[in-house]
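*Asks:* Here it is, the structure in full.
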């Protein structure tokens, strides 16, 4: 029978459980899934805002927003659209009931345990689809999941917790490359936003000059083809710096330094077409963006809390 079995509300930055449903089975499979809950709660900051972990007979789904994650355990054949609609209802009610100040300053586990009453009522409704009053909104949720499906977490990304190691850890090499692409960076600073805008500006300037160079070449004005290549390489380098500033990738810092080197080489080649102030601007912006990429690192690992 497809149904929701339990749900939890957890603070993302440190995995502190804020509330949870209290009626759960004591079967071996359920106890194993609760161990997966613990492992996930420690690493929520490293995952995207909508994820699914398949554990065999059960699925763990969660969404994260405003520093709080909403997790649920359901049977493997429970519809995805209902699962994430259920989590969306929990999120809306929790945000309405508790302000961010309370959730950010909470120090005691399960300090919002009274929220369990709403979890239980909502769980009962979603376990009986005939009683659902949200059928109108399910089409919107279904379209959202289709356009932006939840990230499927490989077992090996969980690592180990309290002596329990995932049976799939030995096959983690390939999945590790996937997880790095979804790892979250620290929040953007004002200087980081300025660097992003300046890099886009430099890329746009290079692109415009590149098209003008193509126009001159077509008019047979003797424009060097290598100048066109240099302008477009400079554009690509600036855009890639923007990408590195926003997203986490493996060897991110090395890539940023190599990209900055390409920017310097392009501007050296374009020395005859730009004055010193233009060259100084492009190189300085490239160096500034490289520094911001280096400063904005991946979020650290959260400490343990029992869920």
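Keep in mind that glycine also has a Cβ here, set from the backbone N, Cα and C atoms.
Checked Swiss-Prot, it gives:
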type	residues	note
MOD_RES	2	N-acetylserine
MOD_RES	6	phosphoserine
MOD_RES	8	phosphoserine
TOPO_DOM	2-187	topological domain 'Cytoplasmic'
TOPO_DOM	209-226	topological domain 'Lumenal'
TOPO_DOM	248-253	topological domain 'Cytoplasmic'
TOPO_DOM	296-307	topological domain 'Cytoplasmic'
TRANSMEM	188-208	transmembrane segment
TRANSMEM	227-247	transmembrane segment
TRANSMEM	254-271	transmembrane segment
TRANSMEM	275-295	transmembrane segment
*Asks:* So, by DSSP, how many helix, strand and coil residues make up the topological domain 'Cytoplasmic' (248-253)?
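*Replies:* Result for the topological domain 'Cytoplasmic' (248-253), in helix, strand, coil order: 2 helix, 0 strand, 4 coil.
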*Asks:* Starting from the Cβ of residue 8 (phosphoserine), draw a 10 Å sphere and report how many other Cβ atoms land inside it.
*Replies:* 25
*Asks:* Check residue 6 (phosphoserine) against DSSP and tell me helix, strand or coil, would you?
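*Replies:* Looking at the DSSP assignment, residue 6 (phosphoserine) belongs to a strand.
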*Asks:* Let's check the environment of residue 6 (phosphoserine): how many other CB atoms sit within 10 Å of its CB?
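*Replies:* Within a 10 Å radius of the Cβ of residue 6 (phosphoserine) lie 22 other Cβ atoms.
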